[in-house]
């Protein structure tokens, strides 16, 4: 598998390693040279967690409103919807992917276009789940979440836009590792196995957990009619917030784990994406957890950042 999808695996492992190093630097209070540490802190933080650091005026130039979060999911809905459309056309009418898409997939896998002649059920299911996830998050950003006046760095914003583009391509790359030359193809319906069912059920449960957690956060700023009363940060309570500070980050990790289960837990690429999400969400959750602990004197000491009893 290493030689089949080497480039895409290197990309995800490198991203995971970067966030793992960033998490360790922050978690263990390892200081970088002064100016470098200032830039580092600005890059890893967003929203309310930027309140805990002093920022120079030149750093404010790179701020983007956190309300622009929905841009990530809008791009994902359009891009991954387009990729899903190409896949459905491939399955239904046998149409090959366009040349520009095949060139991108070749750069990531080194495989010829025959690797996508027969799309696997696992890949199609992942595309559907990814599109549903993106659409739900887009609707939540637009109609559920109440964003404060927090900001994100322009580097974070650019990365967020590119992330879902790469993720959609990565899902298609998985087909290269599951397609074997010389092996007779099996109809999509007959490819259905237990891991597709379990993975989908876990995806649904994790999505409900994330939606419920985001709704609880939004309720902290609205009245019973849904009218926004404040943009202040309050201590979240109820649901999985009684166990962790960021159950919505835990749900994100579980959503990607569910996608890996849908691949039969056998895709190295899928698990590297899960590793990246773990490192990324661990850093974001720890920053948020420390913010809550510093802001609220009565914050429950038994709460972990985002994995109950562990982290």
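Quick reminder: no glycine exception, Cβ is built from N, Cα and C everywhere.
Just so you know, TrEMBL annotations never went through curation; they're auto-generated.
Some features that TrEMBL has for this protein:
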DOMAIN    189-311  domain '3-oxo-5-alpha-steroid 4-dehydrogenase C-terminal'
TRANSMEM  7-28  transmembrane segment
TRANSMEM  70-94  transmembrane segment
TRANSMEM  154-174  transmembrane segment
TRANSMEM  186-208  transmembrane segment
TRANSMEM  253-278  transmembrane segment
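Proximity of distant same-chain residues to the transmembrane segment (70-94), defined by a Cβ-Cβ separation under 8 Å and at least 6 residues beyond the stretch ends, is recorded for 101, 116, 119, 123-124, 127-128, 130-131, 134-135, 137-138, 141-142, 157, 160-161, 163-165, 167-169, 171-172, 188. DSSP places the residues of the domain '3-oxo-5-alpha-steroid 4-dehydrogenase C-terminal' (189-311) in helix, strand and coil in these numbers: 77 helix, 4 strand, 42 coil. Taken together, the residues of the domain '3-oxo-5-alpha-steroid 4-dehydrogenase C-terminal' (189-311) have an average pLDDT of 94.
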